[in-house]
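All remarks here apply to the structure that follows.
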Amino acid sequence: MSKLNPRQQEAVNYISGPLLVLAGAGSGKTSVITRKIAYLIQQCGISARHIVAVTFTNKAAREMKERVTALLRGAEGHGLTVSTFHNLGLNIIRREHSLLGYKPGFSIFDDSDVKSLLTDIMQKEYAGDDGADEIKNLISQWKNDLILPDEALAQARGTKEQTAAIVYSHYQRTLKAYNAVDFDDLILQPVKLFQNHPDVLDKWRNRIRYMLVDEYQDTNASQYLLVKLLVKERAQFTVVGDDDQSIYAWRGARPENLMQLKEDFPSLKVIMLEQNYRSTGRILKCANTLISNNPHEFVKELWSDMGFGDEIRVIRCRNEDAEAERIALEILTEHLRSQRPYSDFAILYRGNYQAKIMELKLQVHKIPYRLSGGTSFFGRQEVKDLMSYFRLLVNPDDDNAFLRVINVPRREIGSTTLEKLSTYATERQVSLYEASAEIGLSEHLGPRYTERLSRFKHYMDKLRQRCFSDDPILALKDMIIDIDYENWIRQNSSSEKACEFRMGNVWFLIDALKNTLERDEAGDMTIEEAIAKLVLRDMLERQEEDEDGAEGVQMMTLHASKGLEFPSVYIMGMEEEILPHRSSIETDTIEEERRLAYVGITRARRNLTFTFASKRKQYGETIECTPSRFLDELPSEDLQWEGLEEAPVEVKAARGNSALADIRAMLKK
DNA sequence: CCTCCATATATTTTT
DNA sequence: TATATGGAGG
């Protein structure tokens, strides 16, 4: 454990009021938070069970918990809560579900569930499904801003918003009927609960006496309100954030919450952490210069004592192919020459689509790599199928899950049968599952079909019983064999190898569930909870990580790189329309793109390289590219340009300041 | 119910 | 240009 610097120490020791820590990139904010938790417990006599630390990702929460545990002895940390916002919300809803009108075992709808439900609603009610994505975003925005369906309808402007508001109210009713919540509800519902039931809020306030919030600049309106409600009056909290690393505004994050804090808590103390323990001086100089182009409320200037370091390179390439080739070759030679492991290198890009060529080039040169992001594990068919089975088991009202699994594998229940079942269920005001075995159904359907439906229901009923009385994991394993899921997968796979892989995912999921149940310290985790955790991606990433010891070049989007660090960083596609993304140029919101570039730069410990292509194939046609304006904003004396061979002789001679202008002039021709 | 061809469509995504 | 989705037809 390293010593804290005076500012960090101050942040740890200040407990007499609300505190905002503006922690620059690499300034050791996690140390501050973890040390502070230990301090609160060991020096201030606050019991761990009264402390709550919130993060945005499971990974951050896990890491934090591990580091705190290392600082504590024995049972000191018992009852400490370190969780994500969503997990905290989930726990609140679970404890108070009846007040909110949910039954135990409620489902959590992920993005794809939400989308399919919305398309369904729109098709049924409004004949047409154009812009389901847009409507989904609008609804999500409303929820993040704590706007309920009625209010949304009242304030909707234009036909699109009005339709969205109507769909919203319909959607919310349907979710309730399905006994389900979506991700946004995990925050919104607790806030509503606290607003409407002061007694319940008091109970939670008494439970949470000190609160710490990480990545505060990423909180949205409802998350902030949740924090505010919980800490009120007592105002015992520490929030840590960095306005310069706010890159999720498009997702509802409100970096202005940092300012808001000052107004809501006049006694707020602000501490800035500017010493960086990660990068060379030159990299930080670059980062500082770039970000100074953004308007600022608080001005930070990162510095470090890690030496000035190498020049920052900017490499111009003929096209996107040459760009990827160049990066691959550089990493290869650097790895061979200096014996540095591949995991020292990271390749960052703006959009996932850029990863493809890069991946190809790395493969050609047999360079191992790890790609994060892209199609998620949860997007896979077999995972969705299985998750739907799990969900239906703990929540029979989940029609979405029912529809997904009813014909997986084939049970000869076609669309006509389901339509009739659905009409009947709506009429009777019960779930599809419930309706499947009701006597009255036979008036609408022939015996053959009612038989098939009721057989399914009875099978699931029996399974549910086993899950709750017996060993649930064993029951689920048996289920997979019972329904001959492997055969179903085989039929739907292109090759035997693909089938094996997919069955691997199935057993992996079961394993994750098993571990979740076993690793629970309190030992009282139910399958409902375990399944909910699975939907929240919790307990899954953990296994993924320790599976493949992380050897290989790291490839990820700039967004995904936040919070990480690498000795050598390559940022590719430094071009107008890519790094300041086209739409952000159009909507005049390049500040966030600049922060994105800033995040990328500050990931690098020692070496930083930018690349860009002068020509690029896009949607079938070749287009000329202009180097990113952000390159212009960097201190030119610290940049070393390469790849200007094709440039006119005089340009070749004139490096530095005028180089970029010359390339521009040349590209114009 | 499944397969194939035409057509549209092209950011970032912690949960 | 590549990929995903949906409709038509077997």
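Glycine too: its Cβ is placed from the backbone N, Cα and C atoms.
What TrEMBL records for A:2-280 is domain 'UvrD-like helicase ATP-binding'.
With a 10 A radius on its CB, A:ALA23 (ATP binding site) counts 28 other CB atoms from all the protein chains. Among the features that TrEMBL reports, ATP binding site is placed at A:ALA23, A:GLY24, A:ALA25, A:GLY26, A:SER27, A:GLY28, A:LYS29, A:THR30, A:ARG278.
Residues annotated as domain 'UvrD-like helicase C-terminal' in TrEMBL: A:281-563. For the domain 'UvrD-like helicase C-terminal' (A:281-563), the model's average pLDDT works out to 87.
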Nonlocal neighbours by CB distance (under 8 Å) for A:LYS29 (ATP binding site), same chain, sequence gap 6 or more: A:VAL21, A:ALA23, A:ASP214, A:VAL240, A:LEU273
Neighbour tally for A:SER27 (ATP binding site), based on other Cβ positions within 10 Å of its Cβ: 26
Binding residues A:ALA23, A:GLY24, A:ALA25, A:GLY26, A:SER27, A:GLY28, A:LYS29, A:THR30, A:ARG278 (ATP) - maximum C-alpha distance in whole Å: 13
Chain-internal residues, separated by at least six, CB under 8 A from A:ARG278 (ATP binding site): A:ALA25, A:GLY26, A:SER304, A:MET306, A:GLU565, A:THR602, A:ARG605
Count of other CB atoms lying within 10 Å of the CB belonging to A:ALA25 (ATP binding site): 25
Cβ-based neighbourhood (8 Å from the centroid) of the ATP site, residues A:ALA23, A:GLY24, A:ALA25, A:GLY26, A:SER27, A:GLY28, A:LYS29, A:THR30, A:ARG278 excluded: A:ASP242, A:LEU273, A:ASN276, A:TYR277
